[in-house]
Amino acid sequence: MNLPVVNKQRVYFLDNLKAFIILLMVVFHVAMGYTTWDLKWWTVNDVQKHSFFDLFILETDVYIMPIMFLVAGYFAPMVLLKRGVSGFWQGKLKRIVIPWVGGVLFIAPFVAYSTFYSRMDTPPNYFSFWATGFWGPYYQQAQYWFLGVLALFFLLLTIAYQINPAYFKKSNQLATPSFWFFPAFALFTAASFFIANLFFWNDAWVNVQFLFMLQPVRFILHLCYFGLGVYAWKHSWFTPGGYNPRLLPWCMSALIMLFVFLAYRVTFTLMPDVPVVAKVGHALTHATFSLTATFALIALFQRFFDSNAYLWRRLAANSYIIFFIHQCVIIPIGCAVQKMQINVWVKYLGVSLVTVLLCFLIAEYVITYLLSFGKQNPNTNTQLPK
């Protein structure tokens, strides 16, 4: 159905949702150390374990990155049209490419080194590790892989804009998606997940010439969510008169799919050799849960958290810095409490709370202050790149 275009105000709830996802990412990374899997590659594995964290990691891992890419795709075209290609990339170079390279060169090695430091009485020399081991089998990009892939998606967006600039004009009519739109999207992303899963383990990471770190099974899925964000912007979704996801249907669907996905994931996919038919079910449940959880959270935040209240403003303004530094806070705290024999819930909640508070305080009162030097406005907006 087509509706006439109406003026819209700023979509605060997307900024707030983005800030929430960053905080969820922080407690997600804290929880990685408390799983029963004893992940050999993770930074700090605590002596306290609980199977709840296995389930928390499995379900949260499905939708946090699709939401991040969708929000990035939603805001990117308006910036591209406003600033042009040159201005667009000047901003992306400053806010994405340079931080990405800096994070990979100077912080990701620290993250990789912590896997040795937290497990060995005499860990290797850090600088020797940086010069040799990090640029070999232990190479990773920590959380900064997101910035690299995002830069790649922005490049694809720019190429598409150069080829067909007419597409990037706002639609004169607000079109709501057809009945088949979301099922088709879920099936397409499931197909991309399944095909890649035939060649790669579902959680595999691939080092592409030390330039990108990719999850090949999810790469097309992430690109689809970025593209969905662009499509949503073009048709004025999430604005008055445009398409706005209904809270109850999406939340009920997400809740049902949460249990379906976890039951299927635990029963059929946690084995060395997953049968092809089980991979089909995994792809379908993953893609459907990802879609329902994404739009359930969008509907939830649009209904209850579409606010520019002070706390939300500060969380949104500092979300990029929190994203950037949180591993530097998690790791030393994790090492400090690693062998403490206390209740696992007290430890996890305490570490999560202290980490979130420290990240926010460092971002708000140290890094933002330092970044404000030489700028007229000290309240520099440091949100996650759009």
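Quick reminder: no glycine exception, Cβ is built from N, Cα and C everywhere.
The annotation domain 'Acyltransferase 3' is assigned in TrEMBL to 12-363.
Here the transmembrane segment (12-35) has long-range neighbours at 42-46, 48-50, 53-54, 56-57, 60-61, 64, 67-68, 71, 74-75, 143, 238, 297-298, 301-302, 305-308, 312, 315-316, 319, 322-323, 326-327, 330, 334, 338, 344, 347-348, 351-352, 355-356, 359, 383-384, meaning same-chain residues at least 6 beyond its ends whose C-beta is under 8 angstroms from one of its own. According to TrEMBL, the feature transmembrane segment maps to 12-35 (among others).
The feature transmembrane segment is assigned by TrEMBL to 55-76 (among others).
If you look at the transmembrane segment (97-116), the same-chain residues 6 or more away from its ends with a CB under 8 A from one of its CBs are 40-44, 123-124, 126, 129-130, 133-134, 138-144, 147-148, 151, 324, 327-328, 331, 335. The feature transmembrane segment is assigned by TrEMBL to 97-116 (among others).
Positions annotated as transmembrane segment by TrEMBL: 144-167 (among others).
Sequence-distant contacts of the transmembrane segment (179-201) (same chain, at least 6 residues past either end, Cβ-Cβ under 8 Å): 216-221, 224, 228, 276, 279-280, 282-284, 286-288, 290-291, 295. Annotation source TrEMBL lists transmembrane segment at 179-201 (among others).
Outside the transmembrane segment (213-233), and at least 6 residues removed from its termini, the chain residues within Cβ reach (under 8 Å) are 65-67, 69-78, 140-141, 145, 148-149, 153, 156-157, 185, 188-189, 192-193, 196-197, 199-207, 243, 287, 290, 294. Annotated transmembrane segment per TrEMBL: 213-233 (among others), in sequence order.
A Cβ distance under 8 Å defines the sequence-distant neighbours of the transmembrane segment (245-264), meaning residues of its chain 6+ beyond its ends; these are 55, 58-59, 62, 281-282, 285-286, 288-289, 292-293, 295-300, 302-303. Taken from TrEMBL, the feature transmembrane segment applies to 245-264 (among others).
According to TrEMBL, the transmembrane segment annotation covers 284-305 (among others).
What TrEMBL lists as transmembrane segment is 317-339 (among others).
Among the features that TrEMBL reports, transmembrane segment is placed at 345-367 (among others).
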Best-contacting stretch, by C-beta pairs under 8 Å, relative to the transmembrane segment (284-305) and drawn from 55-76, 317-339, 345-367: 55-76
Beyond the flanks of the transmembrane segment (345-367) by 6 or more, those residues with Cβ under 8 Å of it: 23, 26-27, 30-31, 34, 46, 48, 50, 53, 314-315, 318, 321-322, 325-326, 329-330, 333-334, 337, 382
